[in-house]
Amino acid sequence: MSDGKIENVVSGEEPFLGTLDIALLVILIAGGTWYFTRNRTKPEESSRTYSIQPTTVSTAAVTDNSFIKKLKASGRSLVVFYGSQTGTAEEFAGRLAKEGIRYRLKGMVADPEECDMEELLQLKDIPNSLAVFCLATYGEGDPTDNAMEFYEWITNGDADLTGLNYAVFGLGNKTYEHYNKVAIYVDKRLEELGATRVFELGLGDDDANIEDDFITWKDRFWPAVCDNFGIEGSGEEVLIRQFRLLEHTDVQPDRIYTGEVARLHSLQNQRPPFDAKNPFLAPILVNRELHKGGSRSCMHIELDIEGSKMRYDAGDHVAMYPINDKDLVEKLGLLCNADLDLVFSLINTDTDSSKKHPFPCPTTYRTALTHYLEIAAIPRTHILKELAEYCSDENDKQFLRSMASITPEGKEKYQSWVQDACRNIVHILEDISSCKPPIDHVCELLPRLQPRYYSISSSSKLYPTKVHITAVLVQYKTPTGRLNKGVATTYLKAKNPKDGEVKVPVFIRKSQFRLPTKSEIPIVMVGPGTGVAPFRGFIQERQHLRDEGKQVGESILYYGCRKKSEDFIYEEELEEYVEKGTLTLKTAFSRDQQKKIYVTHLLEQDADLLWRVLGENNGHFYICGDAKNMAVDVRNILVKILKTKGNMSESDAVQYLKKMEAQKRYSADVWS
């Protein structure tokens, strides 16, 4: 019934409806009102049982991307931005913001992706204000996803940042060519835009001991900040919890997170687009062993992505969210005297923080330790410092404190007792029996469990609805006699489709590792061991193009492994491509003869061939595998070949390689 007809009845004009009609109408309206009121009140009643947001946070504060407003409203002057891909930069940012209170600089952590970064121009209006940037370099010298917009803004813009006080700490890895490129550039660029550097650029090396680099830098950073602003530190460090515990006794079961990355029930109710915050549950169709002998294991896994709308190109990566070993979870629960099935939430004590919880809450301790926390990782020193407070034995307390200190003895002890011995949180609590931390604090301290990335070893031209993975099972004995297992590969090894349907949460990450756009361009691929993975996709694609009658350039693969009879993976496939004339295969089996032969030896022998392909025919060069030794050696060999065969000086040869990189003719997909 329309609103107009009701108005006529009320106004006393000639009634359109009879008395009976009006009576029926009143009953219908009353019934409808009761029905909608009943439906609306139910969720409100249940929401009270799992409401975990602090009451002081307004809706506007949550959605507002103004960090200036938040600083002013809460009387803060320190903001620490992070560019993080794996969570380490975010963790360092949190520690800096937390420590600021000791130096009368109340701080907050901020994700540049969620902030209006043009507000940096207004930061000077806040007395004693300081912006710190903890920035990781990712891939081939790129900013992390969440720092990309900020990086582009300072690169392409010409904002006047006069009056902005800043400092930068970078997170990189020396085995990669573009070591800390992002932090170095941002530090320099902010100065060019008029900002004032309060303390020198810090560079952390993840190949060595990035924790040591960070604490060494920050212990010099704070005195410089105090000098700059004329303030004094408050002396002894006070350990402050960032999150408060809320244990739930009456939360509805369907409101509890069970392993979802972001959206509740996202693993049950799958809907695209699928990405890092919304992974696709991909069925495993194939999980077979590739090694023919020996003590090691290498898996060939095929994932079904049909219906996901996910697309990939040869050279892209597939990311997978693993879960922790159940035995390790149980051990940690016992060591902390915890009821793992208790439902809880950790709520940020900083009501202005955009990060309300360290991981999806409410959840159980079992779920948190299984799906959300890195329990198998080597703990950083700040974790040891906080664990020390829960030791009932004074010697144990001092031992943990010393390893968390910056003294040479403390650093040496941490290196030998924690890092070299590969002790995770479970091992530390097992070996220091008087340390009994509450499980909720352990959950606050441990870093988030990160997705694991694998080079896709198939071509979407052949397998549009499948993604292939090639992965070596990680397992090793530690100096303490324990067996440490890789989180992701142990998880994958147990996922056998022969036991019924098994699924894993995945998403696709695009890469710059690409075949030439013109198929007739020759390519050289260097991929020992599982480094062959993306090249399997490349070769499949080139064979597909040949089968379609297209002209395809020379494809040369340098492959190496220990023994031909044991770990020559995809041997039959590769030999078939050779027979068809699609592939030239160069193999090195390091342990099949007395003197070890590696792919680097083969490259040195093929100087004429490599110069012809790369120097004369403008071919593309690809390398995939170990960054620390192999990739560095290969690069040095190429420089040598360019010098001798191309008649170049050392600097010209290096420049030639850099030009190849800029033209995407030299590409590396490496890891350390």
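Including glycine, each Cβ sits where the backbone N, Cα and C put it.
Those TrEMBL annotations? Automatic predictions, nothing curated.
Annotation comment: TrEMBL describes 78-222 as domain 'Flavodoxin-like'. Taken from TrEMBL, the feature FMN binding site applies to 84-89, 136-139, 171-180, Asp206. TrEMBL lists 277-516 with the feature domain 'FAD-binding FR-type'. TrEMBL lists Arg296, Thr530, Ser590, Arg591, Lys596, Ile597, Tyr598, Val599, Thr600, Asp633 with the feature NADP(+) binding site. Here TrEMBL flags Arg452, Tyr453, Tyr454, Ser455, Thr470, Ala471, Val472, Tyr476, Gly486, Val487, Ala488, Thr489, Trp671 as FAD binding site.
With the fewest other Cβ atoms inside 10 Å of its Cβ, the least crowded of the binding-site residues Ala136, Val472, Ala488 in this structure is Val472. Candidate binding-site residues: Tyr454, Trp671. Fewest other C-beta atoms within 10 angstroms, Trp671. Residues of the domain 'Flavodoxin-like' (78-222) grouped by DSSP class, helix first, strand second and coil last, total 65 helix, 35 strand, 45 coil.
A mean pLDDT of 96 is what the model gives for the domain 'FAD-binding FR-type' (277-516). Looking at the residues that bind FAD per the record, Arg452, Tyr453, Tyr454, Ser455, Thr470, Ala471, Val472, Tyr476, Gly486, Val487, Ala488, Thr489, Trp671, the two CA atoms farthest apart are separated by 23 Å. Residue environment of Asn173 (FMN binding site) contains 21 other Cβ atoms, counted within 10 Å of its Cβ in all protein chains. In this structure, the CA atom of Asn173 (FMN binding site) is 24 Å away from the CA atom of Thr470 (FAD binding site). Farthest C-alpha pair in the NADP(+)-binding residues Arg296, Thr530, Ser590, Arg591, Lys596, Ile597, Tyr598, Val599, Thr600, Asp633: 25 Å apart. Nearest to Arg296 (NADP(+) binding site) in space, judged by Cα atoms and limited to the binding-site residues Tyr179, Tyr454, Ala488, Trp671, is Ala488. Annotated pair Thr470 (FAD binding site) and Tyr598 (NADP(+) binding site), C-alpha to C-alpha distance, rounded: 21 Å. Spatially, by CA atoms, the binding-site residues Ser84, Gly139, Ser590, Lys596 include one closest to Tyr454 (FAD binding site), and that is Gly139. Taking only the Cα positions, the spacing between Ala136 (FMN binding site) and Trp671 (FAD binding site) is 15 angstrom. Across the binding-site residues listed here (Tyr176, Tyr179, Tyr598), the residue whose Cβ sits among the most other Cβ atoms within 10 Å is Tyr176. In sequence order, Gly560, Cys561, Arg562, Lys596, Ile597, Tyr598 make up the list of same-chain residues 6 or more apart from Ser590 (NADP(+) binding site) whose Cβ falls under 8 Å from its Cβ. Taking Arg452, Gly486, Trp671 as the binding-site residues under consideration, the smallest Cα distance to Tyr179 (FMN binding site) is found for Trp671. Around the Cβ of Gly87 (FMN binding site), a 10 Å sphere holds 15 further Cβ atoms from the protein chains shown.
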